[in-house]
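Asks: Okay, handing you the structure first.
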Amino acid sequence: PSSPSAAKRLYRNLSGKFRSSSSSFEEDFGYYSQFPRGVSVHWGSQGLTCVEAMFEAVEHQDMDTVQGLLSRHSAEELDLSSPNSDGLTPLDVAVMTNNVPIARMLLTAGAHESPEFASTGKRLAHLAGLVEDAERRADELMAALASEPASAEATEWQKQLRAWEWRQRLFRRMVSGMCGAAVPEAPAQVCLSVTGADSLAVTFQEPHSVNSAVVTRYRVEWSLMEEFEQLAGEAVLEDCHSLCYQITGLTSGCEYYVRVMAYNMKGWGPTQTSLPVFAIPSAWRQCDGREVRDTGHRTEALEHLLKLVKNARQQWDFGENSKIQGPSRKHSVSKSLKYLFQSTSKFVKSLKRGLYLATVFYQGETVLVTHEDQIPVVEIDDSYPSPLNQDFLWFTKVS
């Protein structure tokens, strides 16, 4: 067994890092929650930042504390994607202990897994090393207590021993979670739609079964080949709440096949092809397979008509003219508007063949009507010229 001096050195190096039980953590966080954002809080001689508090809360599976920290601090302040001294991020701990609610909260806040775990083998090897280290340090403390039970530092050794034994159980639980999990099933209801001449949109839903492991990312692949022998592109989606992706920069008129797969701590699951199986980026003008005729000429003609309409509207814009012409013009306009709603005005009750002018004034759900509860309609002419039909026919062709 290790010597007592080795245990003393171990205690000095780890002083203030662990606490004996989760109950003390809950009491301490109740004190911590009273402080403003970004303030480092001290328990006795020990200071605990919001980053350390987040790790403590996730390790103790305290969902209320995690939610409180996320609501009081930004992702940058909590440093959610940086590993701790054990090489783990908060999301790693939540995922490997299969704490789905906390893992989902962390994913929503923008947390990521440690980039060191590129494969399942590396993750298991890292956990095995953490378990071995916790066992070794617990054995050193037990040896120190057995050799010097009456030492002045025995009480602190007991606290450290309980902390390392608790962490040993935590790491073993992570190993069990890893061994008992499997890759997720394929995403459900993968739908493909055309959104433009060079773009497609793919939407999907979570797998029906994640096989005891939280899905932390998705991958979308698209190809010009039905069997995906060669990919035209791919994208990894780490925002697991926005289950959609816009594929842009595609070639118009080509068939594109799309598939989606999900990822958890055990790796990538099977792929799910889209429905429909393929889609062709296109615009509505290309549906009949013919090119648009005289596009430039029609555009110029419509722009010319728009210019004429704007000029006509400027001539009847009374906003500036009323200021130039003085109050007499404003008075005459007000008088003419008032005249329209007098009882002697000749509003039309029933429409016949002719030209009429109708005006609708409204505010919210209230509509201005005449004293006979009708919309104001005034007859302009009892007949209309024959070219009017031709004008309407021309307008329908243009539109």
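Every residue number used here counts from 1 along the chain in the order it is shown.
Glycine is treated like the rest: Cβ placed from N, Cα and C.
TrEMBL annotations: computationally assigned, not manually curated.
Annotations for this protein, taken from TrEMBL, read as follows:
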| type | residues | note |
| --- | --- | --- |
| DOMAIN | 186-283 | domain 'Fibronectin type-III' |
| REPEAT | 86-111 | repeat 'ANK' |
Asks: Would you kindly list the residues that approach the repeat 'ANK' (86-111) from elsewhere in its chain, counting only those six or more residues past its ends and only Cβ-Cβ distances under 8 Å?
Replies: 54-55, 58-59, 61, 63, 66-67, 70, 75, 78, 80, 117, 123, 126-127, 130, 170, 173-174, 177-178, 181, 212-214, 216, 240-241, 264-265
Asks: How many of the residues that make up the domain 'Fibronectin type-III' (186-283) does DSSP mark as helix, as strand and as coil?
Replies: 0 helix, 51 strand, 47 coil
